[in-house]
Amino acid sequence: MSDESKPIEEPPIESKPQEEQDTEKESLTNSEESKKRAVEPSTDKKKKRRRRNYDEEDKELEKEEAKEKNAKTENNEEGDDDEDDEDDDYEQGKLEDEEEEEDELLEIDESNIITTGRRTRGKVIDFTKAAEELDKERGVVAEEDEEEEEEEEKENEDDDFKEQVQN
């Protein structure tokens, strides 16, 4: 019972199954048809595509819009009233927005608002003390600069005196 004694049967490579041949023919005919479609102008009117809405609210809105369109086609005079209604609705919405903004501002605690000075992370800074400290630091730096300048002047005077003596 060795593996070598059994011959392995392989299907012939040249023959293709019937299904593959059929799919190739279909793909050729499909590509030919697509070329024909591209060349021939379409006589059918393209439909306007609209996104589908599944919500009940959207259905209600569509019904209302349809009613409005029907009403506009029936009477042009009523269209003027519709415009007035739309203006009123717009103004009403504007007023509601302002009321909401005022309500939001009322919720803010006024004690947390910093009215003067710089914003710090909760730390209260006395700016007069800070200014004095800065002046002191600047004064110390200025004093050091003055001392260095005085030392340089003394060295320059010494150098000048030495030059005079040597001449």
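The chain as shown is numbered from 1 upward.
Backbone N, Cα and C atoms are what each Cβ position is placed from, and that goes for glycine too.
Features reported for this protein in Swiss-Prot:
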type: REGION; residues: 1-116; note: region 'Disordered'
type: COMPBIAS; residues: 16-44; note: compositional bias 'Basic and acidic residues'
type: COMPBIAS; residues: 60-75; note: compositional bias 'Basic and acidic residues'
type: COMPBIAS; residues: 76-110; note: compositional bias 'Acidic residues'
type: COMPBIAS; residues: 131-141; note: compositional bias 'Basic and acidic residues'
type: REGION; residues: 131-167; note: region 'Disordered'
type: COMPBIAS; residues: 142-161; note: compositional bias 'Acidic residues'
Residues in the compositional bias 'Basic and acidic residues' (60-75) grouped by DSSP into helix, strand and remaining coil | 15 helix, 0 strand, 1 coil
Reported in the order helix, strand, coil, what are the DSSP residue counts of the compositional bias 'Acidic residues' (142-161)?
-> 20 helix, 0 strand, 0 coil
